[in-house]
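The following features are taken from TrEMBL:
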DOMAIN    88-254  domain 'Glycosyltransferase RgtA/B/C/D-like'
TRANSMEM  12-29  transmembrane segment
TRANSMEM  106-127  transmembrane segment
TRANSMEM  134-152  transmembrane segment
TRANSMEM  158-175  transmembrane segment
TRANSMEM  187-205  transmembrane segment
TRANSMEM  211-229  transmembrane segment
TRANSMEM  241-266  transmembrane segment
TRANSMEM  307-329  transmembrane segment
TRANSMEM  336-358  transmembrane segment
TRANSMEM  364-385  transmembrane segment
TRANSMEM  392-412  transmembrane segment
Amino acid sequence: MMIEKIKTHKMEIFGLIAILLMAGFFYFYNITQKGLFGYDEAFQLLTGNSYAQIPKIGVNYLLGRGALGDLTAKYLPGNVFFQMSTRPPFAFLNALGIMIFGYHDYSIFVMDGILGLGSIIVLYFIAQKITKNYKLALLSAFLFGISGYQIYAARGAFSTILAGFFALCGSFFYIRNIDDKSYKEGLNLKSDLMIAGFFWGLMFASHYSSLFFLMSVGIFEILMFYLSAPGSFKIFFKRLAFLAISFLGVVFFIEILLQLISYLLMKVGYPHRVVSYFYELRRFFRGDLVGDMYNIKPQDLWFYGRMINILNGLPYLILFLISPVVFFWKKYRHNLSLVFVFFVAMGMFLFASLNGFAVPRAMVQINGLVSLLAALVFWEIFHLLKKNYKGFAYFLFIILLIFQMRINWGILNLKSGYKEVAEFLSKENIPAEDIYTETWPIFSFYLNKKTQIFNNNARTIYYVAEYHENKSVDSYDFNIISQGELLATFDNPIGRFSPVRAEVWVPRPPTKWPAAELDKIKIYKVHR
């Protein structure tokens, strides 16, 4: 039976494998040599390492192999800060990476690459379910797999790729219960929607910007209820209830679990700060969501359009932007599953743009659905052409798409310099407790020791790791030099470049420092 299925679907299977192999090259090429490692990545790896070591501490303590405090000091050697509430599922993913691949900076990159491949598979099945056309599903997976946004996320170790994976998983189960023609109660309403709510709860806990995704889903449900036949309020209430029960259950369970872990670590004397995940969410509401609405800049309105153009290419952007025209022209509004994809992709794109929420990583969560829309539009245009021109048009589109990819491999494989600086600090026998830096998690990770977080040590040797836009030498980041000794700096700060040209921007530092260069690592020892 299995062999017969493989023979029947061999073109689909081989096509999907080819796409995964191609995408895997982009995601994993030279992965162990990567130096694209910044504050957030180190922050999550430190937290993930804490999670990864807890089982070892517990087992050894139960076996009587040492006092609890000694075991904690052995397995968690002085990384003095972890944030229990920030993107908890991503921290658990990092813990899994450390357990499998060890305490390395590339552990997080490998896990994100695997997630990227998993997202391609899920999108393929979503496209297959909606279109009933394996060729169109393969085209969607291809556009998604090689898109600059996906490569950017898979190689950049961002938590939004995890949020995007959960968004796709939830969407797959959500559309399973949507009838293509009408808004009515499906056969597996409860199970499908509760599973969708479960995945979307994990998505929400992975990155708070997924709130825009949830807002789009909510508006879709309200619209479908409004346009449906009278008497469907019961169905509407059931759908929202099943989604909400599993969604809230996941969010609160994660919060309770993290607070329990936090309490246990506190009992063994491991210093930390406990903040509820809802505190971060409240900051997002007050700052990014509400605050940005009152401080929106004209360029922010087109920020994500520009990002899609830069990361995925102009053909990709054009296909996405004209999708509303094709959507109504082909009367796809009668296919509710496709209406959902269109609503969520366009909804999050517009919500984030109109809000002025200019964070490049946010769109990673809907890049798969955007790819599906782009593939659908291309497919319709493709079939408008005469048969003699179809092959040429397809070939031309692929060539244009590849040439529009903004992958800069020189920058992709450029080491940031943090690891080298950490080795320099160890070689010089600088006490880790005497190092102050805004990017302390990076050095805490590489040194596997605690570093200064606050300026409370008169002997502190100051280390300036990043240049900041619109800040003068007299501002805080540069003024600390006069309070202590500038130990070192280097010319390609991680916060100012990425594998994709969209964020390749390194400002020239003050004249007293060497000019920033993208292709070199220079460590400048000033004095001790």
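Quick reminder: no glycine exception, Cβ is built from N, Cα and C everywhere.
Counting Cβ pairs closer than 8 Å to the transmembrane segment (12-29), the top stretch among 134-152, 241-266, 364-385 is 134-152. Note: the stretches the transmembrane segment (106-127) and the transmembrane segment (158-175) are in contact (3+ CB pairs below 8 A, sequence gap of 6 or more). Count of Cβ pairs under 8 Å against the transmembrane segment (187-205): among 134-152, 241-266, 307-329, the largest is for 241-266.
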